[in-house]
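The feature region 'Disordered' is assigned by TrEMBL to 1-91. Positions annotated as compositional bias 'Low complexity' by TrEMBL: 54-73. The annotation domain 'S-adenosyl-L-homocysteine hydrolase NAD binding' is assigned in TrEMBL to 280-441. The NAD(+) binding site annotation in TrEMBL covers GLY311, ASP312, VAL313, GLY314, LYS315, GLY316, GLU332, ASN435.
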Amino acid sequence: MNNLADTVVVDPGFGGGDKQQQAGPAPQDASVVVPPPATKQSSALKKTSRYRSRSLSASSTDSFSSASYTGSSEDGDDVPPREKVQKNSKGSSDFCVRNIFAQHAFGRREIEIAEQEMPGIIALKKRAAEDKPLKDAKIVGCTHINAQTAVLIETLVELGASVRWAACNIYSTQNEVAAALAESGIPIFAWRGETEEDFWWCIDRCVNAENWQPNMILDDGGDATHLMLKKYPTMFKLVKGIVEESVTGVHRLYQLSKAGKLTVPAMNVNDSVTKTKFDNLYSCKESILDSLKRSTDVMFGGKQVVVCGYGDVGKGCAQALKGQGCIVYITEIDPICALQASMDGFRVVKLNEVIRNVDIVVTATGNKNVVVREHMDKMKSGCIVCNMGHSNTEIDVNGLRTPDLTWEKVRSQVDHIIWPEGKYIILLAEGRLVNLSCSSIPSFAVSITSATQALALIELFNAPPGRYKSDVYLLPKKMDEYVASLHLPTFDAHLTELSDEQAKYMGLNKAGPFKPNYYRY
């Protein structure tokens with residue numbers, strides 16, 4: 001636990017990536033994409049003899065089969081983005097996306113739609129735009145790239161920051177949104193379906209830029225932090241702060257802190273109230289159904305489902321599936337969470353007790369090897385397997401890449417894994433985050449998290465020297481309450497105010513915070 005050897009994404013090393021950066025002189029017209037001379041296909045993209053691909057039906061490529069409502073995230077351009085030379089309308093080529101010309105208009109409309117459901121982050125942008133609290137901040141971002149994230153990115157720019165952005169997940173990027181950000185002048189390096197080597201190259205392009213020295217990191221999973229610490233340790237020491245929003249990334253930060261390798265302060269947004277109770281719970285509660293239905297057309301009524309983990313994500317998933325008529329089982333290691341599940345009417349079991357009978361398996365633990373080959377060998381034919389945790393290690397997908405099994409791609413992000421006797425299971429998004437890979441997420445819930453992230457960046461960037469040491473901190477309770485207050489006008493909600501006598505009796509400030517840090521909502 002005291003080292004970073006066991007990471008979420010296997011680091012392939014960083015050699016040779018810069019040689020592919022320049023593909024030739026840029027064309028004058030932004031609409032022209034110049035492919036390079038024919039090159040050998042990357043070995044990472046070659047299909048094995050045991051992998052067969054069905055012809056895609058119209059329903060496999062329409063708007064309901066990808067993470068984008070427009071369907072443009074799955075375009076038919078086979079030229080790798082790194083081998084293209086593209087420019088936006090301002091003449092800049094400091095980005096790498098799938099197809100800026102064909103997709104940026106769709107992406108801009110996606111962003112505009114998302115803004116309508118993100119009142120908190122928009123209110124924050126309006127209130128703080130004049131003060132520019134992030135002036136001179138140079139932020140490296142590594143998060144999911146979707147319409148909601150784009151609203152956050154453009155808010156940070158409006159507040160004075162200079163940003164460079166990459167994706168934290170190779171399947172969750174909305175290509176049209178990435179194109180819209182590139183067209184607006186934001187250096188973004190992301191496209192849907194990156195290889196592992198592409199993934200690290202994109203983050204490296206954000207961190208290592210000419211005449212640009214990052215001083216803040218906004219991370220989702222810890223990969224940007226990991227790369228900068230490993231490859232650019234001197235640059236890492238100049239960072240003023242890190243904001244991390246995932247269980248996996250926070251775990252890695254605590255590992256660094258315990259090992260004495262964390263040399264900058266970090267803010268744990270994942271465990272803030274506004275993240276755990278709204279993004280983790282309510283967002284997952286709605287998006288799990290959307291992702292399963294959109295990718296498999298499954299009927300939920302009467303299905304037996306096991307949800308591994310009963311944290312906030314697991315609670316949201318279990319409640320949603322139960323509400324659709326599923327018979328839901330829970331697996332847990334924590335007796336407190338197990339007791340909560342039992343009191344909520346779920347049966348707590350060991351995975352081996354129900355694995356032969358369940359129709360759907362959902363992982364939501366943040367751990368590794370929760371579902372392994374032994375479990376999948378016992379599953380019934382047609383069982384759906386998916387992951388709702390950030391880490392792609394919860395399902396042992398590598399255990400399925402053996403000569404005796406056949407992989408059959410049936411839709412975007414949907415694979416049939418076929419056993420020799422004819423049994424098959426349905427694996428979604430190759431074990432990665434299913435709601436962001438196979439569907440979309442509620443913009444309102446993301447607004448809450450985005451506002452929290454923005455405030456955390458502002459706090460760390462403007463904090464006087466000495467306020468935060470090289471450790472991991474929770475967001476101050478006052479900021480959590482402020483984020484919540486930004487979203488209340490949407491519901492026409494009116495807060496009751498304490499009288500002076502009441503405030504004195506409770507020992508509170510009338511303006512908050514209203515709960516102690518140890519309070520559990």
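Each Cβ is built from the backbone N, Cα and C atoms, and glycine gets one as well.
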Proximal but sequence-remote residues of the same chain as VAL313 (NAD(+) binding site) (Cβ under 8 Å, at least 6 apart): ASN280, LEU281, CYS284, ALA364, MET388, GLY389
C-beta crowding around GLU332 (NAD(+) binding site), within 10 angstroms: 23
Segment-level pLDDT (mean, integer) for the domain 'S-adenosyl-L-homocysteine hydrolase NAD binding' (280-441): 95
Maximal Cα-Cα distance (Å) across residues annotated as binding NAD(+), namely GLY311, ASP312, VAL313, GLY314, LYS315, GLY316, GLU332, ASN435: 22
Entry from the binding-site residues list GLY311, GLY314, GLY316 having the most other CB atoms no farther than 10 A: GLY314
Tertiary neighbours of ASP312 (NAD(+) binding site) (same chain, Cβ under 8 Å, six or more apart): THR276, LYS277, ASN280, LEU281, CYS284
Other C-beta atoms that fall within 10 angstroms of the C-beta of LYS315 (NAD(+) binding site): 23
